[in-house]
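Copied from TrEMBL, the annotated features are:
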type: TRANSMEM; residues: 12-29; note: transmembrane segment
type: TRANSMEM; residues: 49-70; note: transmembrane segment
type: TRANSMEM; residues: 135-158; note: transmembrane segment
type: TRANSMEM; residues: 170-192; note: transmembrane segment
type: DOMAIN; residues: 217-304; note: domain 'Rhodanese'
Amino acid sequence: MDTLLHVIESYGLWVVFFCVLLDQGGLPFPSYAPMIVTAALATDKHESLWPVLLVATLAALLADLAWFAGGRRFGNKLLRLMCRVSLSPDSCVGMTRNIYAKWGAPSLILAKYIPGFAAVSTTLAGESGTSWRRFIVYDGIGAALWAAGAIALGAMFHEAVEALLAQLEQLGHLALLLLIVAIALFVLFKWWQRQRFMAQIRMSRISIDELTTLLDSGSAATILDVRSPERRAASGWIPGSISVRDVSDLRLEPGEDVIVYCDCPNDASAAVVARKLQELGFKRVRPLAGGIEAWQARGRPIDRQAAAAVTAA
């Protein structure tokens, strides 16, 4: 532990740079704590805090630019991949789309303070066609505000941080062990959250072929589109589907066949809505496996006429 503290004292700016770069790059790496400690040590030595702010902002912006470039290059494929490997719940993309569709690039200013939004907002900005200049301006402001929060905490509570560091030095190797255990518990908690969420959306799906057969047979199935209105307008929708924002407003009979679809990883948003409908008494409700992307991949028709869009909200 003494060695770790010595590294922070001697190479604080480099520690901040790499910790922030790795954290914002997507690795479960602590970045806020090193910024707080470095700011506290600088305050004790009566040194300027501007270098800490500049280094942290630069590191965050570089990592975000990488995700932004990936979003421009690979689009929704990268978003889906991120949610598949992430320890965070899979519904983050749907929520992020709604926020970004409403506020656009300025939402990046507060993105790092919104759970779930920060994880994919930069990639979504690239996928949605935000210009490089707008992204750098708004994301740079957001990164600076985010870093300034940690630096302000370190400066204000530098005496408490000093006292804590002194205790950690006395604990020696035990302090390092406690730190490792804390990080392991955090990762375990995030894994447990993901497993619980996956259990919630684990349910029977309907395949594209099954839905096609159902529709060709003349069955009066109700198809619900739970994507944002912006995504629906941009990519079209399954003919006859209803855009729904609030299931409680739907005028459906519990005995009806209900199919729910989205364009998210693991059909997460569709499964969440399907589960809510089941709780309301619907027995024949299923998410569409693969969502609208699977529908398009099988060459099925897509409707884009505004007159066909019905919103049940």
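Each residue, glycine too, has its Cβ placed from N, Cα and C.
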Cβ-Cβ under 8 Å with the transmembrane segment (49-70): same-chain residues at least 6 beyond its ends: 12-13, 16-18, 20-21, 23-26, 31, 35, 38-39, 42-43, 78, 112, 122-123, 125-126, 130, 132, 135-136, 139-140, 143-144, 146-148, 150-151, 155
The domain 'Rhodanese' (217-304) [mean pLDDT, rounded to integer]: 85
